[in-house]
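Per Swiss-Prot, these features apply:
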| type | residues | note |
| --- | --- | --- |
| DOMAIN | 1-275 | domain 'UvrD-like helicase ATP-binding' |
| BINDING | Gly8, Arg9, Ala10, Gly11, Thr12, Gly13, Lys14, Ser15 | ATP binding site |
| DOMAIN | 269-583 | domain 'UvrD-like helicase C-terminal' |
| BINDING | Cys784, Cys1117, Cys1120, Cys1126 | [4Fe-4S] cluster binding site |
Amino acid sequence: MELNAYIGRAGTGKSHHMIDNIKQQMKEDPLGDPIVLIAPTQSTFQLEQAFVNDKELNGSLRTEVLHFERLSYRVFQEVGGLTEERLTQAATEMMIYDLVQQHKSELKLYQSQVNYYGFSEKLSEQIQDFKKYSVTPEHLHTFLQDNDLKTRTRHKLEDISLIYQYFEERINGEFITSEDSLNHFIDILSQSEWIKRAEVYIDGFHNFSTLEYQIIKALVQSAKKVTVLLTTDGNEDPFSLFRKPSEVLTHLKEIAKDLNIELQQQFFKQQYRFNNKDLIQLEQQFDALQINPIAYDGSINILESSSIREEVNEVARQIIKDTRDKQYRYQDIAILYRDEAYAYLFDSVLPQYDIPFNIDTKRSMTHHPIMEMVRSLLEVIQTNWNISPMMRLIKTNILTNHFKDSAYLIDLLENFVVERGVYGKRWLDEKLFSIDNFTKMGRKEHKLTTEEREDFEQVVHLKNDIIDKILTFEKAMNEAENVRGFATAFYETMEAFDLPKYLMTHRDQLDVDGRHEEAEEIDQIWNGLIQILDDLVTVFDNEEMTLKRFLEVFDIGLEQLEFVMIPQTLDQVSIGTMDLAKVDNKKHIYMVGMNDGAMPQPVSSSSLITDEEKKVFEQQAQVELSPTSDILQMDEAFVCYIAMTRGSEQVTFSYSLMGAQGEDKEKSPFIDQIQGLFNGLEVMNIHYQHNAQPLSLMEHPHQTKVVLFESLKAWLEAEMVADVWVDAYQVMRDNDKLNNGLEYLLTALTYDNETVKLDEPLAASLYGSTINASVSRFEGYNDCPFKHYANHGLRLNERTKYKLENFDLGNIFHTALKYISDKVDGDFKNLDNKKIHALTVEALENVLPQVQFNLMDSNAYYRYVSKRIGVIVESTLKALRYQNKNTKFKPQRFEAGFRKTPNNSEELIAQPLITKQGIPVNIRGQIDRIDAYTKDDKSYINIIDYKSSNPSAKLDLKKVYYGKQMQMMTYMDIALQNAQRLGLSNEIKPGGLLYFHVHDERLSFKDWGELEDDALTQDKLEQAFLKEYKLRGLVNSDMDVVDALDIRLEEIGKSDIVPVSLKKDGSIGSRGSSVADETTIHKFIKHNKDNFIKTATNIMEGHTEVAPLKFDDQLPCQFCNFQSVCHVDTIIDSKHYRHVEETIDPIKAIQDVELESGDHNE
């Protein structure tokens, strides 16, 4: 029985001395007594290499490198005694989740949290933590009985104790956790003859749990000799740099005292690792109270960057220099980080420099396509075939890979199901997926071509194939009665899908292609799936469980799967976190992300039990738990110390001034501390260094091209650029090995967001020999020519989603009002409220099922919206009733369509316009309502347009003038041309161009006290209500028209129906009036026609410019669907914005328009 401790600071040769001793013994007696070297899991491979690579040894049968758990396996193999089934981490988590769900009604604090994502994982971690520190449910029960605690703390511990107790009962005699197996290992250790003959070394640890101390004590009692290596100066001050390993030293002394032996301490003080004064000074003086600075000799660097990407790029350049100038191998270099944002950048940046590397982290399997397929398949069943998991399942393309062009077919299928809102068993509706239903994809219905029909037939075939598989899976799972049945059904279904065969074939192909890591991932995923199924059967076997619970438990298990990737080559840069830092004796260590907040890092408790609760428990129960946050915070300097002392020749610290999210960052306080150790150690700002020495950026061809592009772009913009970049360009251009991709970069240099003007034949082939278009198409062109080109030239169509859009709402109102108007023949004035309600219900029953494939009945929200629509329609009818009673104008036509050649007698004729190229322009559309009033053989026409949005329900004459608002003038022009079809006299004149805002009225009053009187209240409410529906637009100033629009106008002075008010003398007032004389209206109509011709001419000339019209400080880009196509940029493209004179008075400006005889209907 002997306990030794090797004590020394970093780099003093403790491990080297141990390895030399072991090697010497192995050489002297290769088959002698066993030597056991215990190390952390992540260090075992490195230590094994030390023996394997020794040419005199070439391995050994005598020495074994193990971690604590593997050591227990080794002893159990010899002694036996472990009859229970060992639980994996995933099995433990699944069991605890199931227990929590079973007993959630017994919980006091956590009852409402048991379904939260990650709760069972946290609870599992807490129970494992208790086991590591030998805290049993009995400890918790006794503590709760003996102490007066806060209610929340008591309920929390009672809940944890309850599940812990159930867990212990569940596994008792049948299963065993890794912590329990170690406890059993302690009990039988004395029976091991192998251990009795062994010398045991423990290296690489800085602290131990209570359970591990118990193992060490048992080893001391049983083995010939136990030696523990500690990185400490032997100072047991709890506030020193070496607090953590010194605490271990204290525990070892207590173990020795308990066993009545002496702890033999061997001190190591001579530095062996560091090859220069800088690193020796860094190690020895880092924790010194009084610093003795020395002259800096260049072995330590501190880099400052503006961003973490710039920082990682510079580290990559430095690594290239290390391998080129210092003849380092990649395996001589390590990068240590703390901030997880760096891990992503290593993956993206280092391959650009052709630097091989291995990041020592375990990645979750969750987001791999295979795992996504499995989890989505489970979620499809859980959510009753919800569209989201269904599409995730299909888009993995694993179950559909046997289809030709499957990715394209899946995109088509997604467009269809998203537009139709396919969910639940609607996936099985063959009528819904009939080929004819594919004629409407997006907003435009069209006849299918032969090619399209064949594509959609393949889409339906693919859909049916995946549905058959899901039904097979669902049927098999529903027929299962217990967990073993579920697991068997899942596996057999995967076999039926040929998934194993597909995965193995795909893996072999990846190997052939040299993508060995991806191939290894497939192997690990399949093995992981099988392991989880085995765990389910092991833990639950024939236990009855609902399908819902099984799927939840299965998913919990899948969440635990992680990739454990073996390095693909030995010569590669090692990357790890500073906390683990298992990269001893590297020639160059890069410590990146040395920012305040990362090093030191604020430590906060993430366990269920808070730090304060831990302290109370430790004091009252006389047990030790895992360190609290304040203790861990004290160890931050030690973490930095261990990380920076891994290098033997050079250490580079780097930090950035800006984080991954653009936030400001400060350098670590340790940077100043390190600078203070040396005279002459300066921080090198990477940006300034590169400006001063541009050649320092030219370490790798790929990155040199990137920086070359940036420099040449700056040069083109007349900025100062070093001449060396022009030389670099010439060299790369003339070198066939370096100029690959250079031409592509140069085209980007002169990139300007300019489109190519189409030649007229090409424009004609796109748009046709005749333009048949709606008014909105021309308005769209005047907003931006490219918008028109993308929409009507390229015919790009945004995916339509199964939801209510603004234009859907507008269509509902239009259709419902037309239905009711036709029913009452436009006579609203005699409708009472009861009749209005009945008509509204009848209209919506006819209209709503036609909206977006019965969207309005798809869920409770849309059914509520339907009711609100009914309220709005009723309010609108009440307003129309009021307006109808007080005007001489009567509705003449509702939803009046117009085109060049009418389809029936109800439609109006639109006379073609002719472009400058002689191309006919046929305008088509639909006028919501035409009202007419006849007096003295003269008929006056009102155009009424229903708008469901407030901004669009305004007539802006400036927009009319510039062609941004062409609708109303066009409608009036069409109506004036169709007197006969409207059944009016030959002399027809414009009355009003008016918008009716269909909306849900919201009333507000400044002084609600005014509404105390009931009669007054009703009157005021009615007035306010009617004011909300006042027509807006432009009215003919002819008094015959004005008087007819509101028959009470002379009496009330200001109309609450139309935008007209009268002065006391009976003339039209300027305030509250929007009027123009008949000639002016005709000039606007003529100008509007000219805008049509001008616009159509530009279209046929092939204009496609990205040139949005900026009007009223707003761009049409704000609501444009084609920004991802045109790539409009507010900085680059601002010079292309079109502007118009917005200060004009449109009434005055329009007077310059000359009317021809045919333009005035007199």
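Heads up, the Cβ atoms here are built off N, Cα and C, so glycines get one too.
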For Ala10 (ATP binding site), the one of Cys784, Cys1117, Cys1120, Cys1126 that lies nearest, given that the binding-site residues are compared by Cα: Cys1126
Under 8 Å Cβ to Cβ from Gly11 (ATP binding site), same chain, six or more residues apart: give me those in sequence order, or none if nothing qualifies. Gln271, Tyr272, Arg273, Phe274, Glu283, Thr645, Ser648
Around the [4Fe-4S] cluster site recorded as Cys784, Cys1117, Cys1120, Cys1126, what other same-chain residues have a C-beta within 8 angstroms of the site's C-beta center? Asp783, Phe786, Lys787, Val1106, Pro1108, Leu1115, Pro1116, Phe1122, Gln1123, Val1128
Three-class DSSP secondary structure - Gly8 (ATP binding site): strand
Cα distance (Å, whole number) from Thr12 (ATP binding site) to Cys784 ([4Fe-4S] cluster binding site): 73
Surrounding the recorded ATP site, with Cβ no more than 8 Å from the Cβ centroid of Gly8, Arg9, Ala10, Gly11, Thr12, Gly13, Lys14, Ser15 and those residues left out, we find His16, Thr231, Phe268, Gln271, Tyr272, Arg273
Here's one to test understanding: among the binding-site residues Cys1117, Cys1120, Cys1126, whose C-alpha is closest in space to the C-alpha of Gly13 (ATP binding site)? Cys1126
Just to verify a number: CA distance, Arg9 (ATP binding site) to Cys1126 ([4Fe-4S] cluster binding site), in angstrom, no decimals. 63
For Thr12 (ATP binding site), write down the residues of its own chain that are at least 6 apart in sequence and whose Cβ falls under 8 Å from its Cβ; none is a fine answer. Phe268, Lys269, Gln270, Gln271, Tyr272, Arg273
Of all the binding-site residues given, namely Cys1117, Cys1120, Cys1126, which is spatially nearest to Gly8 (ATP binding site) at the Cα level? Cys1126
To the nearest Å, how far is the Cα of Cys1120 ([4Fe-4S] cluster binding site) from the Cα of Ser15 (ATP binding site)? 67
I need the CA-to-CA distance for Cys1126 ([4Fe-4S] cluster binding site) versus Lys14 (ATP binding site), whole Å please. 65
Measuring Cα to Cα, tell me the gap between Ser15 (ATP binding site) and Cys1117 ([4Fe-4S] cluster binding site) in whole angstrom. 67
If we count other C-beta atoms within 10 Å, could you say which of the binding-site residues Gly8, Gly13 has the fewest? Gly13
Within the chain of Cys1117 ([4Fe-4S] cluster binding site), which residues six or more apart in sequence place their C-beta under 8 angstroms from its C-beta? Cys784, Pro1108, Gln1123, Val1128
Can you tell which of the binding-site residues (Cys784, Cys1120) has the fewest other C-beta atoms within 10 angstroms of its C-beta? Cys1120
Let me check the 10 A CB neighbour count of Ser15 (ATP binding site). How many other CB atoms are there? 25
